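Shown next, in structure tokens, is the structure this report addresses.
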Amino acid sequence: MAVIINSSCGGGGEDSEVHRVCLPPKRTTMEKLKQRVGEIFFPDDPLHKFKNQTLPKKLLLGLQFLVPVFEWGPQYNLKLLRSDVVSGLTIASLAIPQGISYAKLAKLPPIIGLYSSFVPPMIYALLGSSRHLAVGPVSIASLVMGSMLTQEVSATEDPTLYLKLAFTATFFAGLFQASLGLLRLGFVIDFLSKATLVGFTAGAAVVVSLQQLKGLLGIVTFTTKMEIVPVISSVFHSRDEWSGPTIMMGVLFLMILLSTRHISMKNPKLFWVSAAAPLTSVIAATLASFMFSSKLHGVKIIGHLPKGLNPPSMDMLLFSSSHLAVAIKTGIVTGILSLTEGIAVGTTFASLANYPVDGNKEMMAIGAMNMVGSCTSCYVTTGSFSRSAVNYNAGAKTAVSNTVMAAAVLVTLLFLMPLFHYTPEVILAAIIITAVIGLIDYRAAGRLWKVDKLDFAACLCSFVGVVFVSVPVGLSVAVGVSMFKVLLHVTRPNAVVLGNLPGTQIYQSVQRYGEAERVASFLIVAVESPIYFANSTYIKERIMRCIREEEELIEANKETAGLKYVVVDMTAVSAIDTSGIELLCELRKTLEGRSLQLVLANPGGTVMEKLHLSKSLQLFGSNGLFISVGEAVAHISSLSKAHREVI
């Protein structure tokens, strides 16, 4: 509905149309609640495929929704299988040495790392929606699990209890992840911003690398702490334990691994060079250790690794132990980190290959594989960036590549385990350092500094917390800084003064646009956020400050037309609460006492509805609400002009 009013803006002298600001359609409380819940939990409308379908079709779609393999499986063919076999065998060559290495990083027996590269990938192949995500143990989750559990139980003094806690933590990690996906609460992990993750992963990479100095130098007595100062101190206090042959072997293979990584980064077509390097290095180091064992004094080896499939571990889950709290805490923390990494990696390669990835399905898939894994002697797993990159470059077409990798690990578990008996621990340290060094993204930190100093501060706080205090504290700092940034934006929103671009009805910030002109008798302020209890006082103070500055400017310029109207552009005000409504009423009353009129421009549907329900709309009258700033200025100016002519 529109009201036609003859009005003019400035000297335009032309008729214009003023539109009434309408209320949104009337809805019941249940209708509002249903829409709001849908927006929060189902923004992607996952059930739209089920509309207007027959019951058999709905059942099929439901099965495909829950188990994605039924969606792409019927179209699977021999050509796709060939590509998946090649990529699966390629990532297996990387997964086997990394699985052994990351298990040691988590203070677990090396065989657990191989178990964790067998069962979880098969579960993900059935439930996952990413075609390129390569599943298995990862460095960050392994580090966090090791650091948090060792604060409660020593992995060397009581290895059985430690193993039970690791499996229990893995179960709760999976339960937490699956619950987030099932309840569609994935936004919880959004509180770990990109900036804080850059700092956290870089700090974790530094901590992990320093921890590997024990294996790289052949040290026997080493600190159990993770912080940089105790680690460096322990390294130099144990100088008499340094092993020359170990150092030589470690430096040699570290240089080889870093060189192959550099080659693959420079030329992505040579991805297989860095992919094959870890397993090749393990084979070479194992042969050297076996053939020259009499000469390589002080070089520690892995020793006996049991053959066979994953033994059941359901009876090792501790649900009534005094250590249950630390298992739950560790599970939630590692669950969040591994989920964040897995989804980030999956969406990255999905965007490269131009296909969709369902975040909630990924949560349920990763959660399910960790819960099943905890019952089959596996610890926390997720999608690894390094293995997924190799999988993508090797030409993987579907998640079957994970099944091929699992089959290769199965052959290793059944027949090849004795071959790893003489594998030196130093080569595992070199593999870990090479893998985690890529987590230090200094370019991303540089971009943060250039674009957003507050984001850079969050990144730096997270990095310092991990390196100098502890991994859990670093993670807490990361979340805390992210929350602080959210609160800062909510409690201190932007409020900018607008001016008119000459010859148009467009109003923009006078600071951004030099050509924007102030309108005589008007102060136009745009509020760029919802108005809540947390920021209502600040917004009022900010508007009053703008009024004071405008009056000072008018006085300094000796302008004849004083300030008469304060127009608040509410285009960006998406919501308002009772405190916000009270603010507008108080502001109107305060300005009225100073002979100023408060005008609201373009209030949204939700804002209008709440103003109406609170009976505050009538306070503003017909000349206090407009659909745009342009119409507000034009109409009020025409009325003022008409009033002067009458006088």
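Every residue gets a Cβ built from N, Cα and C, even glycine.
Model, not experiment: these values are computed from the prediction.
Per-residue pLDDT, averaged along the domain 'STAS' (512-636), amounts to 91 for this model. As annotated by TrEMBL, domain 'STAS' applies to 512-636.
Away from its own ends, the transmembrane segment (161-185) comes close to residues 41-42, 106-109, 112, 145, 149-150, 152-155, 313, 316-319, 321, 323-324, 326-328, 330-332, 334-336, 338-339, 359-375, 377-380 of its chain (Cβ-Cβ under 8 Å, at least six residues beyond either end). Among the features that TrEMBL reports, transmembrane segment is placed at 161-185 (among others).
Nonlocal intrachain contacts for the transmembrane segment (191-210), taken as residues 6+ away from its ends with a CB within less than 8 angstroms of a stretch CB, comprise 105, 139-140, 143-144, 226-228, 231-232, 336, 340, 432-433, 436-442, 444-445, 448, 452, 455-456, 458-467, 471, 474-475, 478-479, 481-483, 485-486. According to TrEMBL, the transmembrane segment annotation covers 191-210 (among others).
Annotation source TrEMBL lists transmembrane segment at 242-258 (among others).
Marked as transmembrane segment by TrEMBL: 270-292 (among others). Below 8 angstroms of C-beta separation, residues 90-91, 93-94, 96-98, 249, 253, 256-257, 260-261, 263-264, 299, 301, 389-390, 393-394, 419-420, 422-424, 426-427, 430-431, 434 of the same chain, each at least six residues beyond the ends of the transmembrane segment (270-292), sit close to that stretch.
According to TrEMBL, the feature transmembrane segment maps to 363-382 (among others).
Look at TrEMBL and you will find 403-420 (among others) tagged as transmembrane segment.
What TrEMBL records for 426-444 (among others) is transmembrane segment.
Annotation source TrEMBL lists transmembrane segment at 456-484 (among others).
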With DSSP, how much of the domain 'STAS' (512-636) is helix, how much strand and how much coil, in residues?
59 helix, 21 strand, 45 coil
